[in-house]
Amino acid sequence: MTILAAVIVVVTLIVMTTGRQPAVLALICALVVAGLAGIATPAELFAGLSNGGVITIAAMLVIAKGVLYTGVITRVTYRLLNGVTTATQTLARLVPPVGVASALINTTPIVAMLIPAAKELERQSGVPARGVLLPIAHATTLAGSATLIGTSSNLLIAGIADPAGVELTMFSFVPIAVPVALVGWGVLFLLAPRMLRGATEHKERKLEWRAEIPVARGSNAVGRTAAALGVATTPDFELLEIQRWGEAVDADQPMQADDVLVYRATESGVRTLWASPRFGQAPQDLYMVSISTDEQKSVRDLEVDDNIEVIAAQTSKLLRDAPARPGEMCLVTARSVEKLADNPLVGLWQKVAGKAPQTRKTWIALLILLAVVTSAALNLAPIELIAVTGATLMVVTGVLTPRSAVRALNWNILAIIAGSVGLGVIVVNSGLGDIISSAILSLSTGSAALVVLVIAVGTTILTNIVSNAAAAAILTPVALTVADTTGMDPILLLTLIGTCISFTFINPFSHQSNLMVMKPGGYSAATFVRFGIPLILVCVVTAFLVGWGLLLLR
């Protein structure tokens, strides 16, 4: 039974790591095989669907959506960036407040919001986004592990540990996570100017946007050629073809109503084309949109109805074929901000003039978040109940519509986390967890300090190979077993794991924030390795020293 469980777990982790099949599918197959083999009952394998950690994660996604929808973080960010002239100065202004925000809400939308801000700063002030985005992504990841609600892995650890009688509170992770985050931030400030020097290639000077401009009925363009109108070729755009009823025609043909002109353009070129009265005018605004999810969809899937139309994306493909990857930027027209807020693919947006969405609900959303954090800190009720109450208040007070709240839920992430709980059950019920625990104790030769070191190093390696949720689900029961065997404080070991799970610095595919900044910052996989190795080494050593010090004090 143990051998079969080991095969199931290893194969599942390999499939999840390679990405050749969806992670959800790999987890479901693992749970089904384990159930048929009698390793655990269906109720145990699918307990993740009712796990308190998973419920809290879902509720916090709604709360985060409400806070972000008010635009308060975007407005604060642009004020902080006012007048900065260097990447170091930018990091000094952004890292502390962004770190605090990351400890309270999901880090992914925060990073998504910072991408357009960094790119606009690069265009206006010459501060290279390359020197800002990767350090910010790592800074948010480090800070997110400081509180129970800061990361999904912390909530998952708490949800798995609770039935074993180990209760993790709002600030249980602070003693280890905060010192590690502060030291890690210091390393980021030292490394970024030296290892991330040089500007990103300036997008405004390259025709890297694919724009599709429709020709309205009765517009000035109908019956005339693009060359005659002066919209064929300029330094900012180049007409590639005309799409007519799904078929490509030569770019020198006279235009007809409902034609779509396909351009290669700069961002400013896209704005110029969209604003041109030659193609007709519509009562809509142009928005820069950041994709938020990792669903297998194209940018055209943003067009859920006639209220939103994709105008351009940074791709060489037709828009219907361009994948909607997390962090990708698109230019879309929309009749209202509410239509964008309701779209499940949209993370954050801003008008191309640079103004963030404004709403009278800002203070309501912030008060709800504050109430959730305070209630959780004071342990007034179970964390899942507090979070669900906060999510409900976001809807009842009108910060979010019911539809927006439902669409804030990333079902793919929730399914992976719930499935990972089942993977942890396989590890425990099969005895595999005991074997791993025995191996840790054997490697540590009975030394508590070495136990801390082995767990810190093992967690760091695993989290850079598999998802955070899988690492948390596997290591949490192992840590509980080690604590029970050695008499060590289980909370110390669990918070050590929660902190080290955030060390996803060398693999761009190990954390969604890494993928989001990879293209906008012009980073390669080698960049992540070079920049991440010294950061990981310092953070692991710091986590070990702090954990060992706390162990001695107890």
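The backbone N, Cα and C atoms fix where each Cβ goes, and this holds for glycine too.
Where the annotation comes from TrEMBL, it is an automatic prediction and has not been curated.
Keep in mind that this is a model prediction, so the values were computed, not measured.
Annotated domain 'Citrate transporter-like' per TrEMBL: 14-498, in sequence order. Sequence annotations record features per position, and here TrEMBL assigns transmembrane segment to 23-41, 53-74, 94-115, 136-161, 173-196, 363-388, 408-428, 440-459, 465-483, 490-511, 531-553.
Long-range neighbours of the transmembrane segment (408-428) within the same chain, counting only residues 6 or more positions beyond its ends whose Cβ lies under 8 Å from a Cβ of the stretch, are 5, 8-9, 12, 22-24, 27-28, 30-31, 34, 39-40, 44-49, 51, 53-54, 57-58, 61-62, 64-66, 152, 156, 159-160, 293-295, 400, 436, 467, 469-470, 472-474, 476-478. Across the domain 'Citrate transporter-like' (14-498), the model assigns an average pLDDT of 84. Counted over residue pairs separated by six or more positions, the transmembrane segment (531-553) shares at least 3 Cβ pairs under 8 angstroms with the transmembrane segment (173-196), which defines the two as touching.
Per-stretch counts of Cβ pairs under 8 Å to the transmembrane segment (440-459) identify 465-483 as the leading one among 136-161, 363-388, 465-483.
When the stretches 173-196, 363-388, 490-511 are ranked by Cβ pairs under 8 Å to the transmembrane segment (465-483), first place goes to 490-511. Here the transmembrane segment (173-196) has Cβ contacts under 8 Å with residues 87-88, 91-92, 95, 99, 128, 130-132, 134-135, 138-139, 142-143, 145-148, 150, 154, 492, 495-496, 498-499, 502, 527, 530-531, 534-535, 538-539, 542-543, 546-547, 550 of the same chain, all six or more residues outside its ends.
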